[in-house]
Amino acid sequence: MSSLGSPVRAYDFLLKFLLVGDSDVGKGEILASLQDGAAESPYGHPAGIDHKTTTILLDGRRVKLQLWDTSGQGRFCTIFRSYSRGAQGVVLVYDIANRWSFDGINRWIKEIDEHAPGVPKILVGNRLHLAFKRQVPTEQAQAYAERLGVTFFEVSPLCNFNITESFTELARIVLLRHGMDRLWRPSKVLSLQELCCRAVVSCTPGHLVDKLPLPVALRSHLKSFSMASGLNTRMMHGRSYSLTANSSHKRNSFRKVRTIRPPQSPPRNCARNSCKIS
């Protein structure tokens, strides 16, 4: 719980992606198709730079993306050198109806390798809704992506197809590469059965679970879940309990066992510095 007055972040991770490609391949269309956030040219940024933020959900975590479009400017080298600082991913965009834009990807890759070597990349074929004008076969683009060792998508901003999926996959690649996925591995998503067991056990004493109007198998599962939860809680508080058989009541019962702890202070007859470890 955050302290009073401290802002609550609306995301768990913040990533910066660059969209690169020739002019008129539809990078602005991709940004405009994203729902939250508005495409903008922020004050103080050079003309030809469009910026947009959006938040995606990745394995139960909120990932905020800062998306920058260089708009294929001829002075890309200078722009990329400035805006590649801190960029964690690059989206290579071409138009499937424009062969020249696909052939130009090699030039962009050389610039990226020079100014941001090793940054994760994906290849995106834009304007899938213009498939009837296709000039770049899907198989050829897929083979090219495999040679580069990058993931390949064909997207359509008009149909809102594969837009979020492509950004989500790039975010996953970036987080895996930096090992940030380990931060949320312990917080698994609970199953519906475990949630129901927790709800029942939290409001029902353990000795009353047998009296619930439930099937025998379910009562047995709830009882074992209650015993495990109670044992873990008591062990955390420094107590130990053992399960023993009580012949008079013909049922299992808990018996408290005192835990012998090592002395926390030296004996009274032990002088300071008189005990040495050889």
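Note that Cβ sites are derived from N, Cα and C of the backbone, with glycine treated the same way.
In Swiss-Prot this protein carries:
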BINDING   Ser23, Gly26, Lys27, Gly72, Asn126, Arg127  GTP binding site
BINDING   Asp69  Mg(2+) binding site
COMPBIAS  248-259  compositional bias 'Basic residues'
DOMAIN    175-228  domain 'SOCS box'
LIPID     Cys270  S-palmitoyl cysteine
LIPID     Cys275  S-geranylgeranyl cysteine
REGION    41-49  region 'Switch-I'
REGION    72-88  region 'Switch-II'
REGION    245-278  region 'Disordered'
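Arg127 (GTP binding site) carries neither a helix nor a strand DSSP state and counts as coil. If you take the Cα of Gly26 (GTP binding site) and the Cα of Asp69 (Mg(2+) binding site), they are about 10 angstrom apart, rounded to a whole number. Look at Asp69 (Mg(2+) binding site): DSSP puts it in a strand. Counted over every protein chain shown, other Cβ atoms within 10 Å are most numerous around Lys27 among the binding-site residues Lys27, Arg127.
Taken together, the residues of the region 'Switch-II' (72-88) have an average pLDDT of 62. Counting every protein chain shown, the number of other Cβ atoms lying within 10 Å of the Cβ of Ser23 (GTP binding site) is 13.
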